[in-house]
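Can you read through this structure? Questions will come right after.
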Amino acid sequence: MSERKYFGTDGIRGKVGESPITPDFVLKLGFAAGKVLARHGSKQIIIGKDTRISGYMLESALEAGLAAAGLSAAFTGPMPTPAVAYLTRTFRAEAGIVISASHNPFDDNGIKFFSTEGTKLPDDVEAAIEAEMEKPITCVESAALGRASRIVDAAGRYIEFCKGTFPSQLSLNGLKIVVDCANGATYHIAPNVLRELGATVISIGVQPDGMNINKECGATDLRLLQERVLAEKADVGLAYDGDGDRIMMVDHLGHKVDGDQILYLIAREGLRQGELRGGVVGTLMSNMGLELALKQLGIPFARAKVGDRYVLEKLKEKGWRLGAENSGHVILLDKTTTGDGIVAGLQVLTAMVRNHMSLHDLCSGMKLLPQILVNVRFSGSSDPLEDARVKAVTAEAEIELKGRGRVLLRKSGTEPLIRVMVEGEDEALVSTLANRIADAVKAV
């Protein structure tokens, strides 16, 4: 298949007001998507968004395009990405559309699609939408125009779904939990889920104003959560990103618990309960400590390319059910069709309650190796990954690690960045090597 013009690894994303995230582009995208998706039968599309101020503008443009193509839009209002996937399935809709730029700042936004099964759209459907966008908009006859409606109980439906992934014989009674919703799409969902399961909940990041999403809070900035967990003497802290498809956690000592550790805890509990089917999938960025800890448990481990869509592809290829990225995207195919921060967190809380153990103690079976990640912004036509000097410095670093570490260079799928990752047993050496390689990349 030829390279896609607009769709990246996670839909279409960019700065609001700049191509492609403009009202006219999104209207045309809605029409093109409507024309392609209408061929499959259903006439309804679910549309959700996070809390960015630009969401109002973009959902209106999408609705106009879809209506012109003869499809009706059902709006959820602010809703986590995995909730839109769930509602798309339960409503038997033709597709779901999420307006979000996930963990990015408020002045970015994006559009991503879910199939009727609640999974990412196949590449060939995205390609068909791009091809349709090259054609002019030709509105259907007036009698065939789409309508717009609102799903008034969308939040309640998803809250009950999330609670259903927590064992009915258990409760969170006695647990004090601080939850950081990043002023994003989980702000009216996650605290209620935890409270209704019995926890004492302290909520932060639950006052979205359209411009404070992900700002010094949420899964990408844990400082506020760590401070609050310690101040409140809470048992655990949970942090989601702006659209709720990823999670980070904090133990009662204020220590960060990342996606690799969360994956380990869920896999180990699944093994103990006889529920784990096959192995688990991580990514090229997953810490070696995860691989070693799973090996000790006899759990097979496979690495996918970075990106939740690639984790999902590897799970399907292997016939396995559990995978995650260290950034906190956790996919539990026995419960969901896509990464779901709230559901993933509930599985860790299940392990805490069932084993009467703190999050800190549960994590003691896995030792993370020191890992340094340096992001280097690049521009221009030259490819730093093909540069002879960068290759030479990388090869030298691998020799210095003596087989007891890893070096990984890769391009970001969503930003003009080269990510330089080095891990190994010696933190000082790892830091030195990562910065040396980053300097070589900057010099290109």
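Even glycines carry a Cβ here, placed using N, Cα and C.
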Can you pick which of Ser72, Ser102, Ser382, Ser412 Swiss-Prot lists for the same Mg(2+) site as Asp241, Asp243, Asp245?
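Swiss-Prot names Ser102 for this Mg(2+) site.
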Within 8 Å of the centroid of the Cβ atoms of Ser102, Asp241, Asp243, Asp245, which other residues of that chain place their own Cβ, given that this set defines the recorded Mg(2+) site?
Asp50, Pro80, Thr81, Ser100, His103, Gly184, Ala185, Tyr240, Gly242, Gly244, Arg246, Gly341
Return only the integer: C-alpha distance in Å from Asp245 (Mg(2+) binding site) to Ser102 (active site, phosphoserine intermediate).
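Between the alpha carbons of Asp245 (Mg(2+) binding site) and Ser102 (active site, phosphoserine intermediate) there are 8 Å.
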What's the CA-CA gap between Asp243 (Mg(2+) binding site) and Ser102 (active site, phosphoserine intermediate) in angstrom, rounded?
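Roughly 5 Å, rounded to the nearest whole number.
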Identify, in sequence order, the residues in the chain of Ser102 (active site, phosphoserine intermediate) that are 6 or more apart from it along the sequence and have a CB within less than 8 Å of its CB; answer 'none' if there are none.
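Listed in sequence order, they are Asp10, Thr81, Gly110, Asp241, Gly242, Asp243, Asp245, Arg246.
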